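Trainee: In case it helps, Swiss-Prot gives these features for our protein:
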SIGNAL    1-21  signal peptide
DISULFID  Cys51-Cys63  disulfide bond
DISULFID  Cys56-Cys68  disulfide bond
DISULFID  Cys62-Cys75  disulfide bond
Amino acid sequence: MKTSMFLTLTGLGLLFVVCYASESEEKEFPKELLSSIFAADSDFKVEERGCLGDKCDYNNGCCSGYVCSRTWKWCVLAGPWRR
């Protein structure tokens, strides 16, 4: 009886860990997908776009009129809806 309870609890714990790991991977997938879509090589950039879609961080800022998105880490248009 003790062994079966131990195996049941161990199995439930393992199931929890596997589900948590797969869920965290699913949360990262959209960020990686969008980053790869908007990652542009410097040869293909159009001058009209300026900095839109460029990778950035807080040390390496964006062009004027653009801000670094906290979530996606690329330059986006600045606007009143941005925090």
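Backbone N, Cα and C atoms are what each Cβ position is placed from, and that goes for glycine too.
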Trainee: Take the Cβ of Cys62 (disulfide bond) and count every other Cβ within 10 Å, whichever protein chain it belongs to.
Mentor: 20
Trainee: According to DSSP, folded down to helix, strand and coil, what is Cys75 (disulfide bond)?
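Mentor: Strand, per DSSP.
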Trainee: Just to verify: the residue among Cys51, Cys63, Cys68, Cys75 with the fewest other Cβ atoms within 10 Å, which of the disulfide-bonded residues is it?
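Mentor: Among the disulfide-bonded residues Cys51, Cys63, Cys68, Cys75, the lowest count of other Cβ atoms within 10 Å belongs to Cys63.
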Trainee: Suppose we draw a 10 Å sphere around the Cβ of Cys56 (disulfide bond). How many other Cβ atoms does it contain, all chains included?
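Mentor: Summing over all protein chains shown, Cys56 (disulfide bond) has 20 other Cβ atoms within 10 Å.
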Trainee: Write down the Cα-Cα distance for Cys75 (disulfide bond) and Cys68 (disulfide bond), rounded and given in Å.
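Mentor: That comes out at 5 Å between the alpha carbons.
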